[in-house]
Amino acid sequence: MIWNSKTLSAVLGITISNSISCNEVQFNSKDVKKGNLFIALQGNRDGHDYVLDAIDKGAAAVIISKRVEINDKDKIILVDDCFEALQKMALYKRENSKAKFIAITGSVGKTSTKEALKVLLQHDFLVFASRGNFNNKLGMLINLASMADDTEYAIFELGMNHKGEIRELVQILKPNIAMITNISEAHLEFFNSLEEIAEAKCEIFANFSKNDIAVINADTNCYNKILSILKNLSITDIHSFGRSAKTSAELILYENLGEQVYLKYKINKKVLDVTIPFIPRHFTENYTGVLLIIDILGKDIEIAANHLANISPTKGRGEIINIQNCRVICDYYNASPQSMKAALEYLKQVPAENKTAIIGDMLELGENSKRLHEKLVQYILDAACSKVYLVGVNTKYINDLLPAKIAKKYFKNVDELITHITDLFEGNELILIKGSRGVKLDKIVDYYK
């Protein structure tokens with residue numbers, strides 16, 4: 001139980017006479033499960049139009065700001081402004097929580113890093129991790145409002161595509177530990193340089209107090225820029241991770257054993273050896289930072305490292321599934337130049353006689369789009385793909401540069417691909433599907449499954 005009548009009355013400044021007991025807060029009726037608290041927010045659609053649907057799905061209570069005709073009046077919580085009510089609930093949770101708050105940002109790797117840290121901590125502690133990649137202001141408020149009072153560690157990912165967004169988030173979240181996974185060209189459409197992206201990401205440290213801790217990827221672009229910003233903020237408790245022996249945490253060795261990988265880490269002078277099911281190198285590099293945080297928290301990193309084997313990619317983020325006779329790497333949730341390079345290197349690492357790449361546009365790159373798409377050609381060639389399907393306006397630049405020896409086809413959109421390629425999964429192939437979410441490459445998997 002996360003909310004009851006007494007607490008809601010106090011937080012919202014209203015009187016709730018009926019008995020209410022509910023758990024997670026939802027604003028999308030599609031996500032409502034039995035016992036949830038539904039809040040009718042006004043966005044592109046009016047949440048009040050979905051109150052009945054939420055109740056049908058088992059909502060224990062609904063927060064509304066205008067009258068809705070429903071039979072079960074005891075479930076109604078009437079407020080003046082639903083979004084203001086949500087903010088009050090989120091602030092109450094943060095201000096009254098005894099949890100250690102950990103915030104993660106970066107151009108890529110936020111969600112996978114957050115989920116990895118959750119897996120390593122949840123075996124011994126009560127852990128709350130923000131749901132999915134819901135990392136904007138609304139997402140943070142909904143997640144905070146859904147946090148149990150006895151949470152010991154709260155892990156949030158924070159996203160942005162404009163300056164000032166993360167600063168606003170941390171004023172509410174007040175993280176005790178903040179991590180930057182990397183700085184790359186994602187969202188470059190909205191910035192003039194990588195340095196500007198770094199500055200925006202460093203807003204995660206804007207609300208730091210004396211004892212708060214910064215964790216930084218030393219291999220990232222703009223590392224020195226980040227250190228300079230931290231210095232100007234008078235932040236001194238800084239820990240780095242990466243491939244260098246000079247860092248606090250180092251990935252010493254990544255060895256591909258076929259079905260498995262052997263990893264050797266050094267975390268604050270402690271060496272760890274672990275063999276886990278095969279995952280691409282870029283995931284294990286992020287694990288370096290995760291293990292570093294575990295060590296900073298004073299936990300047993302040897303026990304934590306043994307749980308690395310329990311981490312599996314989430315849907316659309318490198319998950320491998322079988323469709324007909326093919327193994328399919330589903331990495332279509334999002335794409336930036338760095339994550340696209342990592343995905344193609346992953347394809348290169350996995351042994352297979354026949355490899356196909358389905359590449360969708362990388363969005364939000366602005367005037368750099370043509371150049372950054374063209375840079376992918378060499379990575380596609382290195383992956384030894386026998387077939388390449390290109391989807392979207394910007395992948396036309398790739399199509400123009402790929403040699404004739406590769407069987408290639410270009411499509412303006414994903415529906416065109418689905419219509420024209422009817423035998424996509426009939427061969428015995430390894431297929432990578434990678435592109436920005438806006439290209440909707442997930443429709444390929446949904447169509448064939």
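For all residues, glycine too, the Cβ spot is worked out from N, Cα and C.
These come from Swiss-Prot:
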type	residues	note
BINDING	GLY106, SER107, VAL108, GLY109, LYS110, THR111, SER112	ATP binding site
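Around LYS110 (ATP binding site), the same-chain residues six or more apart in sequence whose CB sits under 8 Å from its CB are ILE104, ASN133, ASN135, GLU157, LEU158, GLY159, THR181, listed in sequence order. The Cβ neighbour count for GLY109 (ATP binding site), using a 10 Å radius over every protein chain in view, is 27.
Around THR111 (ATP binding site), the same-chain residues at least 6 positions away in sequence with a Cβ under 8 Å from its Cβ are GLY132, ASN133, GLU157, THR314, ARG317.
Cβ neighbours within 10 Å of VAL108 (ATP binding site), excluding its own Cβ and spanning all shown chains: 23. Taking the centre of the Cβ atoms of GLY106, SER107, VAL108, GLY109, LYS110, THR111, SER112 as the ATP site, the nearby residues of that chain (Cβ within 8 Å, site residues left out) are ILE104, THR113, GLU157, THR181, ASN182, ASN286, SER339. There are 25 other Cβ atoms within 10 Å of the Cβ belonging to GLY106 (ATP binding site).
Taken residue by residue with DSSP, THR111 (ATP binding site) is part of a helix. Neighbour count (other Cβ atoms within 10 Å of the Cβ, all protein chains): 25 for SER107 (ATP binding site). SER112 (ATP binding site) counts 24 other C-beta atoms within 10 Å of its own C-beta, drawing on all protein chains shown.
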